[in-house]
């Protein structure tokens, strides 16, 4: 079945809202944080049963083991042993971000042009790119992207779009926006020929240009997409991103769920949720964990610091994650990182992912009380 979005409460203080997205594999309480399982797995975490929605990357699964192989094994849910909702992207994000730099990198002011090492050629038909695994030259069109996502079998899928960096010149920027909406329309048409249990979000582009964002919203809302995703360049810092998201959501109707693509660090979530964003995806908590940055209510903990060498307390006394309930001390976790024990990233990732889910629960409770 296509997803159903239920609005439970609209805050009286802002555009923040609490809702539920109903899919054939379960219900997602919103606002929700969506961890990224790049290759169909969360790095350092085996059990993802308590995570309501998981984001898998079509690009990486396209290169290995291949969507057809996954389809023969029953689709991603059976392949991964997951009986809860999954969202996949189009593959375009990785193609273009490997060439240009990602949206998150731009927000951190390091979105410098990388060159075209992976991206070979863009035409109106699609994108040619080189596999980072073996150098093969591959082609991805809107139809091929959707078919790959059909084979993977995710609950929510994304149409092919072109991700542009902040530094693009105006002429190419406008050309790209137009081409992206043609690609999205082709993607939607292909999807609707065989919708199965899947739903498709339309992606809104437009960079920092309010008029182009308005055009993007109008395009997505005029087409029968099941949800809206805010994509494209979001600026170079949190302030610019806030302006982009505020402008974009001001044009959106309230009937569909709204996802913010590629953004999911805590400062951004706190800043964006008031604009009515329903879900955020990011590899932030697991990536931070692998680098020894531990999330806690009192603020991030850089576990490698000397001051934790004799700290026998758990990461967060109020936390109910497996790491904290197992009595893993800060001193022990620091030791594991210092000796490069693989368990360090595992314990840290389990905690960080649980922390993100708890933060989202607290955000939903605050919205219900009209505190956000």
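Cβ coordinates come from backbone N, Cα and C, glycine included.
According to Swiss-Prot, the features are:
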- 89: active site, proton acceptor (ACT_SITE)
- 89, 90, 91, 92, 93, 161, 232: substrate binding site (BINDING)
- 262-268: region 'RNA binding' (REGION)
- 281: active site, nucleophile (ACT_SITE)
- 286-290: region 'RNA binding' (REGION)
- 319, 321, 324, 351: Zn(2+) binding site (BINDING)
On average, what pLDDT score does this prediction assign to the region 'RNA binding' (286-290)? 98
Considering only the binding-site residues 90, 91, 161, which fall within 10 Å of residue 321 (Zn(2+) binding site) when distances are taken between Cα atoms? none
Sequence gap of 6 or more, Cβ distance under 8 Å: name the residues on the same chain that satisfy this around residue 319 (Zn(2+) binding site), in order along the sequence. 296, 351, 354, 355, 358
Helix-strand-coil residue split for the region 'RNA binding' (262-268), DSSP-based: 3 helix, 0 strand, 4 coil
Among the active-site residues 89, 281, the one whose Cβ has the most other Cβ atoms within 10 Å is 89
If you take the centroid of the Cβ atoms of 319, 321, 324, 351, the listed Zn(2+) site, which other residues of that chain have their Cβ within 8 Å of it? 314, 315, 316, 320, 322, 323, 325, 350, 354, 355
Nearest-integer angstrom distance between the alpha carbons (Cα) of residue 324 (Zn(2+) binding site) and residue 281 (active site, nucleophile): 25
Whole-Å Cα distance, residue 93 (substrate binding site) to residue 281 (active site, nucleophile), is 13
Inter-residue Cα distance where the pair is the residue listed as 'active site, proton acceptor' and residue 161 (substrate binding site), in Å: 10
